Structure formats: structure tokens, C-alpha cells
Amino acid sequence: MVSFNMKKKSTYDHIHSRSSERKGSELWGPCNPPPATNDVSVPDVVTTEFFNGIIDQAAASCVGKNFYSRSAFLDALGSYSQFGRIGSQEDSRREIAAFFAHVTHETGHFCYIEEIDGASKDYCDETNTQFPCSPNKGYFGRGPIQLSWNFNYGPAGNSIGFDGLNSPETVANDPVISFKTALWFWTNNVQPVMSQGFGATIRAINGALECDGGNPATVQARIRYYRDYCSQLGVAPGDNLEC
């Protein structure tokens, strides 16, 4: 069972909460493989107009505007063929809308690459001996989904092909790897609950801080983005939007 402990809030008012970065096993695995994929073309759904409609809302001074790009997302997507391609055509569009709703919330419309004041915070779980922290390295939030904690940087790096424990800053320096960390976390920990509704994805990403009355305002902010993107992609948002 995955636990939802050890989460912290961001200090930036556009990024109202930190992503949970689940500690523990992934939901897809040998005993629970992901279902077969459909024939949806994610690049045809995530058009230049759709992507730019998000990032164009960030201020010109935002560092993320020169880092995040649709091309980097599509390059990263090549390693995650199941993203946005499970279930019906409508399910695919809902998943894509959900992913970008959370990314929009976490990064302030792709404004931020790193968590504000993240370097001053301790994201080292010293009890995790499988992925031990490296001295003088910070495992604070980075990238579209704000990857955090040594117990996520380690396995993400192993899966993607970078040294997550000794070089966590790679997530903030390489836009393709940055998007890969978001897709890695999503496909392993969020995609498996998509069928339960958008509320389940909020719980998967930041449940302990936001769900069950923890922070209704941020829940509603995520839902607003999700509804907006569902509308843009021509799909109904479905049921169970809250958590």
C-alpha cells in the first residue's frame, strides 16, 4: 500500500500545494499490468494551440517559458506510449486534460521549474535505505509535476536513465528529462486511478494536503483547470471531480 506522508506546501501562491510524490510501490506492476492501449494520437490532441494556450498565460519573466515546450513534451512522450492511450477516445482526452490541469497548477502555467525556496527545505527521507540521499543534494520539487524526495528521484532516475540521487538538478536542466519525470510519476501512480474520476487524481498527487477538506480552494483550482481543458478537448469531465 502506498503512503501519503511527508508532503510540504509550496510558498508560491500559484502553486498552492506540493505534489504528494508517493512513497512506496507503483500501482502498475507485474501483478497489475496496464491495460492495452488504444489508437489515440496524443500529439494530435496536445496541439501547439493547446500547449501554447497554457504557457502563454505565464509572465514573460518566467524562467519556465524558455524551458518547457511542446517539442520537449513530445520527445518525452516517446518513452511513455500508454500515456493518454488507455480506454476510450473520451477517456484519453480526459486523461490528457487531467495531466495538464495538474501541471498547470503545480507550475503556474509552466512559469516555474523549481519549487520556490526549495533548496532551503529538507526532502531527504533518511529511513529509505534503498535510495539514500547524497550529501549536499536537494530533492525538492522540480519539473512539471514537481518531483520531490529521494525515494522518487532515485527510481525515476533509474527508470529514465539519469542519476537521480547524485544529480537531481538534471530535472531542472534538461527539459525532456523534466517531462519524463512527470510522465513517469503519472503513468505509474496517477494513471491507474483515472477511471475513478478526477478527484482520485488529486488524491494521488496531493491528497493528504488537499483532500477531505484539507484545502478546498486548491482542489477547486485544479478542477477549474480540468474543466477548462476538457472543454477545449471536446470531452465531458465525467463524475467524481472532488476528493
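Cβ coordinates are placed from backbone N, Cα and C, and glycine is handled just like the others.
Here CYS133 is paired by TrEMBL through a disulfide bond, and of CYS111, CYS124 its partner is CYS124. For CYS211, the cysteine that TrEMBL lists as its disulphide partner among CYS111, CYS243 is CYS243.
For the disulfide-bonded residues CYS62, CYS124, CYS133, the ranking by surrounding Cβ atoms (within 10 Å, all protein chains) places CYS133 first. Cβ-based neighbour count (10 Å, all protein chains) for GLU106 (active site, proton donor) stands at 26. Packing around CYS211 (disulfide bond) is summarised by its Cβ count: 22 other Cβ atoms lie within 10 angstroms of its Cβ, all protein chains included.
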